[in-house]
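Asks: First the structure, which I've put down as structure tokens, then a few questions once you've had a look.
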Amino acid sequence: MSELTEKAGKLDAVDELAAKRAEFVLDGPEGAVYLDGNSLGALPVGVPGRVADVVARQWGELRIRSWTEEGWWTAPERIGDRIAPLVGAAAGQVVVGDSTSVNVFKALVGAVRLARETGAGRDEILVDATTFPTDGYIAGSAARMTGCTLRPVTPSDVPDALGEHTAAVLLNHVDYRTGRLHDLPSLTAAVHAAGAYAVWDLCHSAGALPVGLDAHGVDLAVGCTYKYLNGGPGSPAYLYVRADLQDRFDSPLPGWNSHAEPFGMRSDYEPAEGAVRGRVGTPDILSMLALEAALEVWDGVTVEAVRAKSLALTDFFLECVGEYVPEGRVECLTPLPHAERGSQVALRCSPTLGSARAGGAPTAGPVMRRLIERGVVGDFRHPDVLRFGFTPLYVGFADVERAARALAEELSEATAERSHRV
Ligand SMILES: Cc1ncc(COP(=O)(O)O)c(C=O)c1O
């Protein structure tokens, strides 16, 4: 047994979240190490039974009665309240529904409208230049619709880019590619000091680390539920609108579900009060109730405990990679300081890295394909990034050691093959 396998065993033995693993289905190739929960979270064991009940009994037998008797109608707010503590929000501010992309649109246009109430000259939207593409596309459209210009800015440069023309700023809490954690408290404060509104995308932080929306005075936020919240493929996203802004939140998608009197069937629109104002049309009940069941795994878990384990997992992965992978074969894109690290490790792996004499390191795509074949599932992001996501509720330290060892073996084998060929 190597020193690191021994260390993994010791860390697993004192892991206070270890028992949570049994609440997930982690079958598949024997002993698979699943490090892709930052893309699609694993299936919680309670979900299939709940979905079966929703389909067979609630829909099949009760049919339309379920809208009231089974709480379908109020599910978006109810499930929003279940997510709220995970993102540091008091109840009544989060509503579930639609996709992240759609909620980015609602939040960003809503933020510009809020800014315009007091400052007509506010005609610029700043967007994270390193953002996940959908946020950038939607911000571009939101800018055209609101007569703003769109300026892509690296998050750390946002304070210098802010000014009296800034209406809203759209930022990612954790960068999807590098795993860099941005400084939400100080960036939000800077946005506010400039008189603008901050919209945060929490896709890669909610369920992995403390967010503190209320504590840091965030204006609006959005996030998906299919990554660290394990809601399932395409599960609905959520929208947070801070309580004191809700009265003024003017949604660009005012559907009948956000009407003050949805069954009044009125031709004039009167927005509902509270988080409900973020709703649009009929909610996707099957996905939404699957998500509600999935959120039960959070019972008895604190986000602080999740964060502590997440950092221990990524630290240990980096230690194992440092020990096993030959020097220079990969470059870590994820910041080493804990304050700047999300719950993933991104390793750049390209032919330009590694010694030319040894044939250079193999490219990221084929390396990840081979890792997946041998049961270590991470993902590949164009053009040369290997992403490994660490979901503290079901990833253990032995998984981490095994993944790093497999990576090292793949890199050495592939490099040896290449040098043989040249
Ligand atoms: C930061 C970020 N925003 C948005 C999305 C996707 O949005 P949607 O849920 O609309 O597909 C992702 C998906 O991975 C993401 O990482």
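Residue 1 is the first one shown; counting continues down the chain.
Cβ atoms are placed via backbone N, Cα and C, with glycine included.
So TrEMBL says this about it:
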BINDING   Thr100, Ser101, Phe132, Pro133, Thr134, Asp135, Asp201, His204, Tyr226, Trp256, Thr282  pyridoxal 5'-phosphate binding site
MOD_RES   Lys227  N6-(pyridoxal phosphate)lysine
Asks: Could you check which of the recorded positions Phe132, Tyr226, Lys227, Thr282 have their CB within less than 6 A of ligand 1?
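Replies: With ligand 1 as the reference and 6 Å as the Cβ limit, the list reads Phe132.
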Asks: Looking at Cβ-Cβ distances, which residues of the chain lie under 8 angstroms from the residue listed as 'N6-(pyridoxal phosphate)lysine' while being 6 or more apart from it?
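Replies: Counting only residues 6 or more apart in sequence, the Cβ neighbours of the residue listed as 'N6-(pyridoxal phosphate)lysine' under 8 Å are Gly37, Asn38, Ser39, Leu40, Gly41, Cys203, His204, Ala206, Gly207, Gly389.
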Asks: What's the most sparsely packed of the binding-site residues Phe132, Tyr226, counting other C-beta atoms within 10 A?
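Replies: Sparsest of the binding-site residues Phe132, Tyr226 by Cβ contacts within 10 Å: Phe132.
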Asks: Taking the Cβ of Asp201 (pyridoxal 5'-phosphate binding site) as reference, which residues of that chain separated by at least 6 in sequence fall under 8 Å from it?
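Replies: Residues satisfying the criterion: Thr100, Val104, Thr131, Phe132, Asp135, Leu170, Leu171, Asn172, His173, Ala221, Val222, Gly223.
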